[in-house]
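K.L.:
Per Swiss-Prot, the features are:
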type     : residues : note
SIGNAL   : 1-21     : signal peptide
DISULFID : 24-41    : disulfide bond
DISULFID : 34-62    : disulfide bond
DISULFID : 47-51    : disulfide bond
DISULFID : 66-77    : disulfide bond
DISULFID : 78-83    : disulfide bond
């Protein structure tokens, strides 16, 4: 029984330490492994001067903590692999 428990503990430690890190999108089709200590993926969107013609600016990445929310900026954070895909949006001229 002790051997089984010890084996489970060792396997758990190995899986946690060498899991390879969280995978987040950094661009529309660019997943990357986050650096150690950065255990969240985020999606940040906002309108700039070209929002009417190009749509919102989108920034994707990894973070240790969810970025601070600022007025006019939408931020979502998540903690599973590839949980921050590039938002599917229509071009402004395709909107009803």
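Just so it is clear, glycine is given a Cβ too, placed from its N, Cα and C backbone atoms.
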K.L.:
Can you see whether DSSP assigns residue 78 (disulfide bond) to helix, strand or coil?
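P.N.:
DSSP call for residue 78 (disulfide bond): strand.
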K.L.:
If you count Cβ atoms within 10 Å of each one, which of the disulfide-bonded residues 24, 47, 66, 78 comes out on top?
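P.N.:
The residue with the densest Cβ neighbourhood is 24.
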K.L.:
Can you name the disulfide-bonded residues among 47, 51, 62 whose CA is within 10 A of the CA of residue 77 (disulfide bond)?
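P.N.:
So the list is 62.
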K.L.:
Can you tell me the CA-to-CA distance separating residue 83 (disulfide bond) and residue 34 (disulfide bond), as a whole number of Å?
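P.N.:
Residue 83 (disulfide bond) and residue 34 (disulfide bond) have their Cα atoms 13 Å apart.
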K.L.:
Given the disulfide-bonded residues 41, 51, 78, find the one whose Cα is closest in space to the Cα of residue 62 (disulfide bond).
P.N.:
41
K.L.:
Tell me which residues of the chain lie with their Cβ under 8 angstroms from that of residue 51 (disulfide bond), as long as they are six or more apart in sequence?
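P.N.:
For residue 51 (disulfide bond), the qualifying residues are 57.
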K.L.:
Within the chain of residue 41 (disulfide bond), which residues six or more apart in sequence place their C-beta under 8 angstroms from its C-beta?
P.N.:
22, 24, 25, 34, 60, 61, 62, 63, 77, 78, 79, 80, 82, 83, 84
K.L.:
What Cα-Cα separation, expressed in whole Å, is found between residue 66 (disulfide bond) and residue 47 (disulfide bond)?
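P.N.:
That separation, Cα to Cα, works out to 20 Å.
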K.L.:
Could you tell me which of these disulfide-bonded residues, 62, 77, 83, has the greatest number of Cβ atoms within 10 Å of its own Cβ?
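P.N.:
Buried the deepest by this measure is 62.
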K.L.:
What three-state secondary structure does DSSP assign to residue 41 (disulfide bond)?
P.N.:
strand
